Amino acid sequence: MSPCGRARRQTSRGAMAVLAWKFPRTRLPMGASALCVVVLCWLYIFPVYRLPNEKEIVQGVLQQGTAWRRNQTAARAFRKQMEDCCDPAHLFAMTKMNSPMGKSMWYDGEFLYSFTIDNSTYSLFPQATPFQLPLKKCAVVGNGGILKKSGCGRQIDEANFVMRCNLPPLSSEYTKDVGSKSQLVTANPSIIRQRFQNLLWSRKTFVDNMKIYNHSYIYMPAFSMKTGTEPSLRVYYTLSDVGANQTVLFANPNFLRSIGKFWKSRGIHAKRLSTGLFLVSAALGLCEEVAIYGFWPFSVNMHEQPISHHYYDNVLPFSGFHAMPEEFLQLWYLHKIGALRMQLERCEDTSLQPTS
């Protein structure tokens, strides 16, 4: 929790104490008392504050500048926080080691549904997290429109391990800006439903689309929502049946839940974190160095010129589901302290300073 948050709570408690001293107690109707308790609890959990608007955030970034120096101490400290809260080295994906036969687990996105690991699911898991840890130099690539005409493709592809979000297009028209290399790509079940009709009639189209990701891991939240399990399993079987180069990993719901709690404790209150923040969180726990690209959820770039929402289209997300400005401010803070590097300018215009 931020110092400001603590101060607000202490102030509000002090104010209530003063009011209690000045005014005699009165008996309230039971319904009114219950309502007061609910309101006070809500304000305690979610203290009232005003998030800066888009223009204020952009102006703040411009004033602070994007100059950056790696801070190994800050990076190690945050990696330790990730290890302590969420253990990505062991819990990033479902494995035979962390999800043994017969284990009962809860969907992290639903409170009413659980599932039990049986032979049909256990056989789909790798023995352990299939990465040689720690990963050295990682690039996490979001899909923000700020990547368009960025010239960042070569810099992204220089990373040892590249993570991408939501099966993004990597055709030749984009590679100069976003690169072509991938080691891990996320795929939300909603994409499988909407773009590939749940793989009921378009298995070949799906397999052909996956070829662009070469030997990547396809990381899917099969056990976040009950409705996501079936399409995720279909992806596994489809790629397995044709001997595709890609390997499906299922996100561990305990890991996703822990990441959600971690960021909620730091002020991000959203129905669900974005895929990008989940990936950055994992990278900060798995990688020695982290650089992120395309994490800019605003309608203008650093020169206050209009940009599209994604580098490949301008389709806006559903309002209120993610807390993108809050997420950005948290990542921007990590950039400023040197724990990760956030690329916001054209790559050829950026000169990195040496490690401190």
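Cβ atoms are placed via backbone N, Cα and C, with glycine included.
These features come from Swiss-Prot:
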type	residues	note
TOPO_DOM	1-29	topological domain 'Cytoplasmic'
TRANSMEM	30-48	transmembrane segment
TOPO_DOM	49-356	topological domain 'Lumenal'
CARBOHYD	Asn71	N-linked glycosylation site
CARBOHYD	Asn119	N-linked glycosylation site
DISULFID	Cys138-Cys287	disulfide bond
BINDING	Asn143, Asn166, Ser274, Thr275, Gly276, Trp296, His310	CMP-N-acetyl-beta-neuraminate binding site
DISULFID	Cys152-Cys347	disulfide bond
CARBOHYD	Asn214	N-linked glycosylation site
CARBOHYD	Asn245	N-linked glycosylation site
ACT_SITE	His322	active site, proton donor/acceptor
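What Swiss-Prot annotates, mapped onto the structure for a quick look.
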residue	record	CB count, 10 Å
Asn71	N-linked glycosylation site	18
Asn119	N-linked glycosylation site	8
Cys138	disulfide bond	26
Asn143	CMP-N-acetyl-beta-neuraminate binding site	23
Asn166	CMP-N-acetyl-beta-neuraminate binding site	16
Asn214	N-linked glycosylation site	14
Ser274	CMP-N-acetyl-beta-neuraminate binding site	22
Cys287	disulfide bond	26
Trp296	CMP-N-acetyl-beta-neuraminate binding site	25
Cys347	disulfide bond	16
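With all protein chains in the displayed structure included, the most crowded Cβ environment within 10 Å among the recorded positions Asn245, Thr275 is that of Thr275. Put simply, Gly276 is the one of the recorded positions Asn71, Ser274, Gly276 whose Cα lies nearest to the Cα of Asn245 (N-linked glycosylation site). If you measure from the Cα atom of Thr275 (CMP-N-acetyl-beta-neuraminate binding site) to that of Asn71 (N-linked glycosylation site), you get 26 Å. The C-beta environment of Cys152 (disulfide bond), restricted to residues of the same chain at least 6 apart in sequence and closer than 8 Å, consists of Asp177, Val178, Gly179, Tyr293, Gln343, Arg346, Cys347. His310 (CMP-N-acetyl-beta-neuraminate binding site): 21 other CB atoms within 10 A of its CB, across all protein chains. In sequence order, Val140, Gly142, Cys165, Ile292, Phe295, Glu327 make up the list of same-chain residues 6 or more apart from Gly276 (CMP-N-acetyl-beta-neuraminate binding site) whose Cβ falls under 8 Å from its Cβ.
Whole-number maximum of the Cα to Cα distances across the CMP-N-acetyl-beta-neuraminate-binding residues Asn143, Asn166, Ser274, Thr275, Gly276, Trp296, His310: 16 angstrom. Spatially, by CA atoms, the binding-site residues Asn166, Ser274, Trp296 include one closest to Asn71 (N-linked glycosylation site), and that is Trp296.
Note on proximity: of the recorded positions Cys138, Asn166, Ser274, Trp296, the one nearest Asn119 (N-linked glycosylation site) is Asn166, by Cα distance. Trp296 (CMP-N-acetyl-beta-neuraminate binding site) sits 27 Å from Asn214 (N-linked glycosylation site), taking the C-alpha atoms as the reference points. Under the three-state DSSP scheme, Cys347 (disulfide bond) falls in the helix class.
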